[in-house]
Amino acid sequence: MENAHTKTVEEVLGHFGVNESTGLSLEQVKKLKERWGSNELPAEEGKTLLELVIEQFEDLLVRILLLAACISFVLAWFEEGEETITAFVEPFVILLILVANAIVGVWQERNAENAIEALKEYEPEMGKVYRQDRKSVQRIKAKDIVPGDIVEIAVGDKVPADIRLTSIKSTTLRVDQSILTGESVSVIKHTDPVPDPRAVNQDKKNMLFSGTNIAAGKAMGVVVATGVNTEIGKIRDEMVATEQERTPLQQKLDEFGEQLSKVISLICIAVWIINIGHFNDPVHGGSWIRGAIYYFKIAVALAVAAIPEGLPAVITTCLALGTRRMAKKNAIVRSLPSVETLGCTSVICSDKTGTLTTNQMSVCRMFILDRVEGDTCSLNEFTITGSTYAPIGEVHKDDKPVNCHQYDGLVELATICALCNDSALDYNEAKGVYEKVGEATETALTCLVEKMNVFDTELKGLSKIERANACNSVIKQLMKKEFTLEFSRDRKSMSVYCTPNKPSRTSMSKMFVKGAPEGVIDRCTHIRVGSTKVPMTSGVKQKIMSVIREWGSGSDTLRCLALATHDNPLRREEMHLEDSANFIKYETNLTFVGCVGMLDPPRIEVASSVKLCRQAGIRVIMITGDNKGTAVAICRRIGIFGQDEDVTSKAFTGREFDELNPSAQRDACLNARCFARVEPSHKSKIVEFLQSFDEITAMTGDGVNDAPALKKAEIGIAMGSGTAVAKTASEMVLADDNFSTIVAAVEEGRAIYNNMKQFIRYLISSNVGEVVCIFLTAALGFPEALIPVQLLWVNLVTDGLPATALGFNPPDLDIMNKPPRNPKEPLISGWLFFRYLAIGCYVGAATVGAAAWWFIAADGGPRVSFYQLSHFLQCKEDNPDFEGVDCAIFESPYPMTMALSVLVTIEMCNALNSLSENQSLLRMPPWENIWLVGSICLSMSLHFLILYVEPLPLIFQITPLNVTQWLMVLKISLPVILMDETLKFVARNYLEPGKECVQPATKSCSFSACTDGISWPFVLLIMPLVIWVYSTDTNFSDMFWS
C-alpha cells in the first residue's frame, strides 16, 4: 500500500478489508500470498565459480601472459636435447602465477557478494498475528505474513514487515530504528496520520519498519508491505543494482596493460621481420621453417621479458603491507585496491553521530535562578567540562571551578537528574571505557550528577566500577522512586513520584519532572530561588525562555531540558494511572528549578583533521539524519563552515534537495558541505553526482540504510560499531569510529601510491632493459644473452624483493599539503616514460655489452672479432671468416652469466635510485629504508645461490664467475646511478620547481650551502669502492679498440 502513513487507521483497514480484532480470513491470506509472495528477501543468485574464474582472465595483461605460456609450452614440447626439461620451467611458472592471481581474485569477488546475504540477519523468524481461524493471537513464521495481516508487537520483538500502527496498548511505544534511519535514540511512535506524502522515514511516526526493534511498549498494526516491497527490501534492490566500479589503480593498470601489449606486439613482429634474412642460415639446417620457428621463440622470449610478471605480486604485497600499517591506526581495510584509492580521495562524506561527534551525549551548560525581583531576574549560569560518559569533569562559573553543594538550586537539580532517570553508567573493563546503560539523554544527566557531587561524597579509593554511579547512589538512598509517569507526546515530559527513605515532618513526597522547556515551563507557577520558591511572572518566564532559545539556536544548538518539582503532589491513591491522558493533570502547579543544555560533542581531534583535509584539497561533507540546525552548528564547531559563514547554498535538508531541479541538485553537490535530514536514497544520489564530477568519494555509514551508498562510493567506510551489512558492503572499517582515522588512512594511501610509482618505475625500467637486450642481440646477430627461464627468475625473484621493499619508503613530509592527484592522470607521465626509456636502454646495452666483453676482450674468453660475433650463425669449419674459432664457444655459459649478473647488479643499483623519485642518493642514503638494503642483500645472495650451488647453474645455464669478471660487472653496472642522478637533478631544478629551495641566480652558492643535507657517511663509504673498481684493469677498453 502506497503512502499508508498519510491514511487514517480506518482507511488502511478498509483498503485491506480487515478487522483489527479478527484479522484476515484464510481465503484472503491465500490470495494475498499468491499476489505478493513470501515475506522474505530473495537469495541473491551469485556468479558460479567457473564464471568467476573466467572473469579473472579478462585482464589484458593476464591474457598476454597466458598466450605466452601456451606458446612456450608448445615450443617446449618440440624441444630436443638437454634443454627439454628447462624449457618447461617457463610456461609452468607463468601458469602458476596466473592460477595464484585467479584464486585471489575469486576470493575477493566472493567476499563482495556477502553484503547482500548479510541483510537476511535482519529478517525475524517468527511473527504474532490475528487471523479469523483462531480467536487469540498466533505465532507463525515471519515469511508467511502477508499485507493486511494484523500483527501484535511488544518490547524485544523484531518488526516482521512494514506496519502501519493501528493502536498502542502501552503508555508509549519506543522503537530502535537506527539500523534503517541512523537515528541514535529510540523513536516514540503514535497512530495519527502523517499528512505529508513525501515524509522521510524518520518522520513517519505511525509506521514500523521491517528489521527494526521494539525498545519499549506494546502495539498492534496492519502490515502494508512485505518482502522486497519493504524499506529494507528496497535497500536490497539498490545494492543488487549497484555495480562495483573499478578502482583508479585497476583502471591505470588496465590502460598500462593495453599500452604494453601494443608495444610488445610491435617489438615482437619487428624482431621477427628483422631476422627474416637469417631464416635460411646453415645453423638451422638450411630450413626456412626451422629458422622462422627459432626467431619466433626469440619473439616469445621478448614477450616474457617485456611483461612484468612480478608486478601483480609486488602490488598485492605493497597493498597488504599498507593494510597492516592502517590496521595499527584503527583502519581495517577489506579490499586491497581501495588502499591506493584512498590516496586520491577528493571528497569525504561523513556521518555526524559517532564519527565527527563522540555519540556520547553530555551536558555542557546549565542554569538556576540567582534572584528574582518582580519581572526581572538574574541567572547563575554554569559550564561543565568533559565530553564523554566518563564521570570526570568540573562545573565552572565565570571560568572558575565551583563546589555545587554551595548552591541549593544545584542540589535540587542534581536530585531531579538522578531520580527522574532510568539510565546508569557502566565501566567496561575489557575496553577500559565508561559506557551508557539506557537512553543517551538520561545517561548524560547521570554523568552530570557524578561531576556535580552535590553531597561531597568521598570518591578517592573507589574502583572505576564503584565510581561509575557513586554520587547517584547517594541521592537514591535519600529518596525512593515509587512510580513513573511515562513520557507522552501531548505533554512532552515525564515525571517520577518519590518518597523519602526516612520520613519526617519536613520531608514529604515529591514529584520530579523533566521535559521539553516549552511544555514544562507552561505548567510552572513558581520558581526555585535558593531554598525558597517565588511566583513566576510573565517577565521572568520570558527571560528564561529567551535564554533557552539562545542555547537551542546558537553556535552549540543545545538540546535543552527543563527540570521542575511538584512540592505537594496528590497521594498515589488519588491518582488514576491507568489512563495516560490524566498524567498532565498531575504535572501542574510545578516549581521551575533549572535547565540543562546538552549535545553530542564533536570529537576533540576532528577539528584539526578537517583543517588537514582542507590543506590537502579534500572537501569534507557532513551527511546526517539529524536536523539542519544541529548539523550546521556542529559543522561550524569543527571547521567545515566558518563561524560567520553564510550557509544558504551550502547546507540542505533532504526535502530541500529533492525540491531542486536536476541542474540545481548538481550545483548543490558541487558546493554543499552539509546535508541534513537525509534518507538512504539521498546518499546514493549525492555519490552519483560527485562521481559525475570525477570526484573520488569516501562515504561513511553504519546502518543497513547506508549499505547502497557504501557500495556505490569508491571508498565505503563502515563503523566498527556498525551493522554487518554496512561492514560487508564497505572497503574499510573504522575500528574506533573516528573521522581522524579516515584522514590518517588517506595520508597512508597517498604514501602508498608514491611508493607504488617508484616500484612500478623500477620494475618497468628493468623490463625495458630486458627488451632492449633481446632486441639488440637479435638486431646485431649476437648469440642469446638471456634465456626465458633467466628472465623469469629476474622478474619474479631478484627484482621482486627490492620492489616490495620500496613499499616501505618513508612518506614525503609535505604529502598532505598537496591537492589530491587527478585519478585520470597517467601512471607514467611523459617525463617518467623518458626516464624509464633512458635507464632501460642503458640496462639493455650494458647487459649485451657484458656478454660481448667476454667474447671480445676477456682474458679467459675466445677474443673473437665483432664481425665474427655478429655473424656467429655462419660459423663452420670450412668458413675462412672463422678460421681458428671453435664454433662451440658461441654456446658457452659465460657470456650469459655475465649478462645475467650485470642485469641483476644494475637492477640493485636501480633499486637505490628508486628510494626517492627526485631526491639525490647523497641526501637520501640507502639506510633511509633499511628494508631495501636488506632486500638487495637477499637478492644478491639468491643470485650467488644460482651461480655457485649445484645443480642450479645447470638449470639456469650459467657458470661461476671469477673476481676479474665480477669487477667488470660492477664497472658496467655503477654508471646507472650517475645517469639517474643527472635525470633527478634535471627534474628537481628545471621540471618541478618548488620542490627544493633554489638559490637566487644573483647569489653565489657557497660550499656549505651546496653541500647542505649531504650524507657524508654514504660518500665516505661509496668513494673507495668506486675508485677501486675503476682503477682495476679488466681489458674494458680493448672491447672498443680491438
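Glycine is no exception: its Cβ is also placed from the backbone N, Cα and C atoms.
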What does Swiss-Prot list, out of T353, T358, T798, as binding the same ATP as E442, R489, K514, R559, T624, G625, D626, R677, K683, N705?
T353
From the set Y294, Y836, which residue is assigned the annotation 3'-nitrotyrosine by Swiss-Prot?
Y294
According to Swiss-Prot, do F279 and P925 sit on the same side of the membrane?
no
Record feature phosphoserine (Swiss-Prot), assigned residue among S346, S580, S765
S580
Hey, Swiss-Prot has Ca(2+) 2 bound by N767, E770, T798, D799. Any idea which of E659, E891, E907 it lists too?
E907
When the topological domain 'Lumenal' (851-896) is classified with DSSP, how many of its residues are helical, how many are strand and how many are coil?
26 helix, 0 strand, 20 coil
Please report how many Å separate the Cα atom of E907 (Ca(2+) 2 binding site) from that of R489 (ATP binding site), as a whole number.
75
Per DSSP, what is the residue count of the topological domain 'Cytoplasmic' (917-929) in each of helix, strand and coil?
3 helix, 0 strand, 10 coil
With neighbours defined as other CB atoms within 10 A, the best-packed of the binding-site residues N705, N767, N795, T798 is N705
Within-chain partners of the topological domain 'Lumenal' (777-786) [C-beta distance under 8 Å, separation at least 6 from its ends]:
271, 274-275, 278, 295, 298, 301-302, 305, 770, 847-848, 850-852, 869-873, 890-891, 895-896, 899-900, 903
Rounded Cα-Cα span from N705 (ATP binding site) to N767 (Ca(2+) 2 binding site), Å
48
Determine, using Cα-Cα distances only, which of these binding-site residues is closest to D799 (Ca(2+) 1 binding site): R489, R559, N705.
N705
Neighbour count, 10 Å Cβ-Cβ cut-off, for R489 (ATP binding site): what number do you get?
11
